[in-house]
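Listed features, source TrEMBL:
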- 6-40: repeat 'PPR' (REPEAT)
- 41-75: repeat 'PPR' (REPEAT)
- 76-110: repeat 'PPR' (REPEAT)
- 111-145: repeat 'PPR' (REPEAT)
- 146-180: repeat 'PPR' (REPEAT)
- 181-215: repeat 'PPR' (REPEAT)
- 216-250: repeat 'PPR' (REPEAT)
- 251-285: repeat 'PPR' (REPEAT)
- 321-355: repeat 'PPR' (REPEAT)
- 391-425: repeat 'PPR' (REPEAT)
- 426-460: repeat 'PPR' (REPEAT)
- 496-526: repeat 'PPR' (REPEAT)
């Protein structure tokens, strides 16, 4: 009896120390106990094993379990379950699973807690096949899975995107002895929402209420968040109203989801109303709430309102985070206020909020937009000093900035610096450089960049080719541009209307109207893009400039037959051409047609061309009458 008492005394002391988080002392007492000849029992080991697992020292707990077995004591289900739980918490699920198998081999039968512990670990790590097998094994051993088992399995399936399997578990659960609870419904509704199956989520929500399972704040929030992300804002607002009517108090996540959804669709005023409503109800906005509203203001040209809101959030004790600063810096830079953004950048660093690659990229872009390339480069160098690695967006932004400033050699050096730093330029980076060389008339270098990007495995796109095609056309070399068109089509890149427009203009510019007409016809036949009025205008200009007025009049008829009314500038180009070709009668007919048109009413340019030609021919009365008509139209 004395020995048993002694073990109990030591164990009580060790247990107390473990519960007080004084594990080193507990370990010391355990060592003293053995030194004094008192043999620890199962309870002693379990107490210390549990203590180690609670402070995440599972390896020490496992060594104690081994020591326990070596000393002739049989670990019980509590011992094994505790260590299995410890390994699962540290995501060492494989080790937990092996220990589980050892437990069974050693004749210690797992209980429901053991199975649920391992099931939870497997599901959290996405090992759903193993989790399914474990659930089947439970049933085979005569253990009935409980709500926790089913809820855990469904959560794991939803997390890994296996929604249909989760629905099957849900249905099996519904027809069994363990009907779904609010956790099961909420898990499945959230899973359906995350995969965009909103109609099914709404139906399940209604089914939940029909089955007398009352939704809680988690259920409502999951459904509302899904509806917001699916741009079904009106329904989301109705869910909030239903929630409030049923005395289910929304939390900060509920309100933040709706505010974020409204802001992302530009409904900032409605978001502000929800924001006010949450404050009236005593729900304190958090940094996520403020960030959504700040982002909404910045999206709708309300940067000043966003800045005021940041001041307000700071005054309430809610500190801005990296997302707050980045959103505001981006908003300021996009509206041409990079110097203000730079001051905010300084404030950010002073408050120990470290800038990241997004911060620097936004600022660099802002200063490039203002053509302050020196400042953009200073920021780029600063980010390198601060060990913030530039990404493809940072490099591409600065490359484009250099090109827009005509500093194409600097841009090319930066691109090569980018490659050397193992950051692969993308099609946008290369296209900026191609366009930059084209704008300064260095087409040979532009072609070299085009070849280099293809060699490096970056496929040029329609924008890349069109930049080069347009440059050759402007340089009076449409034949070279046409060869590039054939090359791009051969590489599987389809031209767009801008490509065709450049070529039409290029051939018109060299007086090759026949080739220009062929390009227009090719555009009209192309199923991937539609001829627009700009393309027709280019062709019309070319015909009128070369005095081919019959062809120009035919083109006007073709445009009208296409189903799209000609723009007024097409009419004006034709009227001018007719006047220059001394075909005043036809010019006046076209002007009359414009007057009768609802879509292309004549403007001052159209009238002035005819009035000037009438005056030149000495038809002053008609010229004055048209001038009066023009003044009358202006007065209307």
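Placement of Cβ uses the backbone N, Cα and C atoms for every residue, glycine included.
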For the repeat 'PPR' (146-180), sequence-distant contacts whose Cβ falls under 8 Å of one of its Cβ atoms, 6 or more beyond its ends:
112, 115-116, 119-120, 122-124, 126, 128, 131-132, 135, 138, 187-188, 190-192, 194-195, 197, 211, 213
Residue counts in helix (H, G, I), strand (E, B) and coil for the repeat 'PPR' (146-180), per DSSP?
26 helix, 0 strand, 9 coil
Long-range environment of the repeat 'PPR' (321-355) - Cβ separation under 8 angstroms, sequence gap at least 6:
287, 290-291, 294-295, 297-298, 301, 303, 306-307, 310, 313, 362-363, 365-367, 369-370, 372, 375, 383, 386, 388
Do any residues, 6 or more residues outside the repeat 'PPR' (41-75), come within under 8 Å Cβ-to-Cβ of it, and if so which ones?
7, 10-11, 14-15, 17-18, 21, 23, 26-27, 30, 33, 82-83, 85-87, 89-90, 92, 99, 103, 106, 108
With helix taken as DSSP H, G or I, strand as E or B and everything else coil, how many residues of the repeat 'PPR' (41-75) land in each class?
26 helix, 0 strand, 9 coil
If I take every residue in the repeat 'PPR' (146-180) and average their pLDDT values, what number comes out?
87
What residues elsewhere in the chain lie close to the repeat 'PPR' (181-215), defined as a C-beta under 8 angstroms and at least 6 residues from its ends?
147, 150-151, 154-155, 157-159, 161, 163, 166-167, 170, 173, 222-223, 225-227, 229-230, 232, 235, 243, 246, 248
